[in-house]
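A.B. asks: Right, I'll just put the structure down here and ask away after.
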Amino acid sequence: MGAERTDKRSKPGKNSSTASSTRAPSATFSRQKPTTSKTSVDPSPPATDLLTQSINHLSVKDKQGHSRKHQLSKKQPETRTVPTSLKCTTLVDIANLISRNVCKKIIVMAGAGISTPSGILDFRTPGTGLYDNLAKYKVPYPEAIFDIDFFTYNPLPFFALAKELYPGKYKPNYIHYFLRLLHEKGLLLRCYTQNIDGLERLAGIPSRKIVEAHGTFSSASCHLCYTSFPAEEARDCIMNDKCPRCKVCYGVVKPDIVFFGEGLPKTFDKFAKDFPRADLLIIMGTSLEVEPFANIVDEVRPTTPRFLINRDLVGPFKTKTSRDVAELGDLGDILRKFVCALNWQEDMEEVMRSHRL
């Protein structure tokens with residue numbers, strides 16, 4: 001969603017490991033490069049007016065090999081195979097690994113699909129997804145509403161959408177409480193979520209167990225000088241159709257969610273230590289189209305089973321390997337089946353009874 005800016009500054013204390021404001025961010029939020037072409041294609045419509053012409057250079061950001069604080073590993077052909085005892089083909093096989101205490105350090109990668117049962121739109125489902133329902137916000141192309149360059153030019157469309165996205169309107173669902181149960185059983189190493197709705201927190205998962213890869217509404221800052229701004233004050237301004245302004249430089253303040261063209265939160269760097277430690281990776285409700293989030297699915301050890309719970313095959317699951325299991329369909333239905341295979345029905349009922357809002 002737009003070309004990467006080579007002169008972008010990092011947020012002090014957020015996207016940089018030093019106090020310098022000129023160091024490049026550790027990674028840049030961008031849409032995955034299409035596999036059918038080696039060149040980037042500008043998805044914006046033909047220029048028909050002055051506004052469209054002025055933002056034609058804001059292309060949807062494709063994957064680029066820029067220097068980073070940490071460089072995501074280049075994909076290599078797998079040369080090792082999963083030990084026979086860990087080879088899995090079904091949901092029941094995965095459940096057996098957990099029941100036999102073979103898998104005790106589980107990482108979950110979660111996307112917008114885990115929140116759709118709560119009433120929140122995902123982004124890319126044709127017809128019903130958020131990107132197909134943005135006409136009223138008058139943006140030149142759907143992803144522009146989350147493009148930092150377009151936000152700098154015109155923040156009003158995002159603020160209009162933010163009124164609908166702010167946490168508080170929606171509640172956690174069965175899927176979020178399943179993640180809470182993994183934590184209570186001491187099995188959740190970390191939950192890496194693309195979601196900005198905060199429902200993992202509302203379900204009772206401790207913040208130390210969550211990496212909000214695409215940011216959060218729980219804090220806010222100036223998008224120019226990065227000075228922190230009271231999150232509730234920013235919310236009040238946005239809800240009352242006012243533009244929150246920085247008290248230092250008078251720049252526009254926005255919630256600390258990650259826009260295309262911005263560096264990811266420093267907490268995302270935890271993947272470098274977490275993923276090699278994991279003995280099971282569960283991916284659910286994501287298209288795996290946004291990088292660098294999409295890339296880290298390959299950062300677990302080659303012997304670590306990967307379990308996809310999704311509506312469609314995505315990413316590496318399109319090519320079957322001996323360590324991958326995919327269950328396709330409704331996420332809630334699949335997780336209920338998984339809970340039964342684990343014999344955790346009573347535990348799930350207790351978690352939902354104790355923590356449901």
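Every residue gets a Cβ built from N, Cα and C, even glycine.
Annotations per TrEMBL:
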type	residues	note
ACT_SITE	H214	active site, proton acceptor
BINDING	C222, C225, C243, C249	Zn(2+) binding site
COMPBIAS	1-10	compositional bias 'Basic and acidic residues'
COMPBIAS	16-30	compositional bias 'Low complexity'
COMPBIAS	31-42	compositional bias 'Polar residues'
DOMAIN	84-354	domain 'Deacetylase sirtuin-type'
REGION	1-80	region 'Disordered'
A.B. asks: At the Cα level, what's the spacing in Å between C243 (Zn(2+) binding site) and the residue listed as 'active site, proton acceptor', rounded?
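C.D. replies: Cα to Cα, C243 (Zn(2+) binding site) and the residue listed as 'active site, proton acceptor' are separated by 22 Å.
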A.B. asks: Restricting the comparison to the binding-site residues C222, C225, C249, which residue's C-alpha is spatially nearest the C-alpha of H214 (active site, proton acceptor)?
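C.D. replies: That would be C222, nearest by Cα distance.
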A.B. asks: Using the Cβ centroid of C222, C225, C243, C249 as the reference point for the Zn(2+) site, which residues of the same chain not in that list have Cβ within 8 Å?
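C.D. replies: Once C222, C225, C243, C249 are set aside, the remaining close residues are H223, L224, T227, F229, R245, C246, V248, Y250, G251, V252, V253.
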A.B. asks: Other Cβ atoms within 10 Å is the metric here; tell me which of the binding-site residues C222, C249 scores highest.
C.D. replies: C222
A.B. asks: Name the residues of the same chain, 6+ apart in sequence, whose Cβ is under 8 Å from the Cβ of C225 (Zn(2+) binding site)?
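C.D. replies: When sequence neighbours closer than 6 are ignored, C225 (Zn(2+) binding site) has C246, V248, C249, G251 within Cβ distance under 8 Å.
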A.B. asks: Would you count the other CB atoms within 10 A of the CB of C243 (Zn(2+) binding site), including those on all shown protein chains?
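C.D. replies: So the number of other Cβ atoms within 10 Å of C243 (Zn(2+) binding site) is 13.
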A.B. asks: Should C249 (Zn(2+) binding site) be counted as helix, strand, or coil on the basis of DSSP?
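C.D. replies: For C249 (Zn(2+) binding site) - judged by DSSP and reduced to three states - the answer is coil.
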A.B. asks: CB neighbours of H214 (active site, proton acceptor) within 10 A?
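C.D. replies: Its Cβ has 22 other Cβ atoms within 10 Å.
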A.B. asks: Going by DSSP, give the three-state secondary structure for C222 (Zn(2+) binding site).
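C.D. replies: Note: C222 (Zn(2+) binding site) is in a strand by DSSP.
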A.B. asks: What kind of secondary structure is C243 (Zn(2+) binding site) part of, going by DSSP in three states?
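C.D. replies: Where C243 (Zn(2+) binding site) sits, the three-state DSSP reduction gives coil.
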